[in-house]
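K.L.:
This is the structure I have questions about; it appears just below.
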């Protein structure tokens, strides 16, 4: 049986931490949907289309990864995609409590949806898109946190 997993998130922007998780998920599962949430309530820096385009660019080397946007309840999206595995990255213990709640809510709507938690590589465990945006906003060097095309797109958005 082929396995199909979803790695969902806002990914505003995709960081090396996200790439670490999706690359490892691609090694574990037959097909991985790198699912980018619209997340308009989070007021993202990049539009959904921009995030999809950038994610496709930096994951093009992963043959079994498909980048797709979505704007619906995760369980409904998973059913439509015929996926029963949800990949989530955990950076810290504080992430776990929220992810545990999400996993249980998803299971309420789709009992067969399994959440698989991956820890990022240790050198990437402190990264977050929000933190990187803040560093860039204050003229910090973001080149070690983001792939070059994404770093350039962010600097352009910030007028730098």
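Yeah, the Cβs are placed from backbone N, Cα and C, and that goes for glycine too.
Feature table excerpt (Swiss-Prot):
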BINDING   10, 11, 18, 89, 90, 91, 99, 124, 125, 126, 127, 128, 129, 130  ATP binding site
BINDING   10, 42, 74, 88  substrate binding site
SITE      18  site 'Transition state stabilizer'
K.L.:
Just how many other Cβ atoms lie inside 10 Å of the Cβ on residue 88 (substrate binding site)?
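P.N.:
I count 20 other Cβ atoms within 10 Å of it.
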K.L.:
Calculate the distance in Å between the alpha carbons (Cα) of residue 129 (ATP binding site) and residue 88 (substrate binding site), and round it to a whole number.
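P.N.:
The Cα atom of residue 129 (ATP binding site) is 15 Å away from the Cα atom of residue 88 (substrate binding site).
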K.L.:
Other than its own, how many Cβ atoms are within 10 Å of the Cβ belonging to residue 42 (substrate binding site)?
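P.N.:
Excluding its own Cβ, residue 42 (substrate binding site) sees 12 Cβ atoms within 10 Å.
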K.L.:
List the Cα distance (Å, whole number) between residue 10 (ATP binding site) and residue 42 (substrate binding site).
P.N.:
9
K.L.:
Cα-Cα separation of residue 99 (ATP binding site) and residue 74 (substrate binding site), in Å?
P.N.:
13
K.L.:
Given the binding-site residues 42, 74, 88, find the one whose Cα is closest in space to the Cα of residue 127 (ATP binding site).
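P.N.:
Of the binding-site residues 42, 74, 88, 88 has its Cα closest to that of residue 127 (ATP binding site).
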K.L.:
Among the binding-site residues 10, 125, 129, which residue has the fewest other Cβ atoms within 10 Å of its own Cβ?
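P.N.:
Taking 10, 125, 129 as the binding-site residues, the minimal 10 Å Cβ count falls on 125.
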K.L.:
Please report the three-state DSSP label of residue 90 (ATP binding site).
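P.N.:
Reduced to three states, the DSSP call for residue 90 (ATP binding site) is coil.
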K.L.:
Whole-number answer please: how many Å between the C-alpha atoms of residue 125 (ATP binding site) and residue 88 (substrate binding site)?
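P.N.:
Distance between the two Cα atoms comes out at 13 Å.
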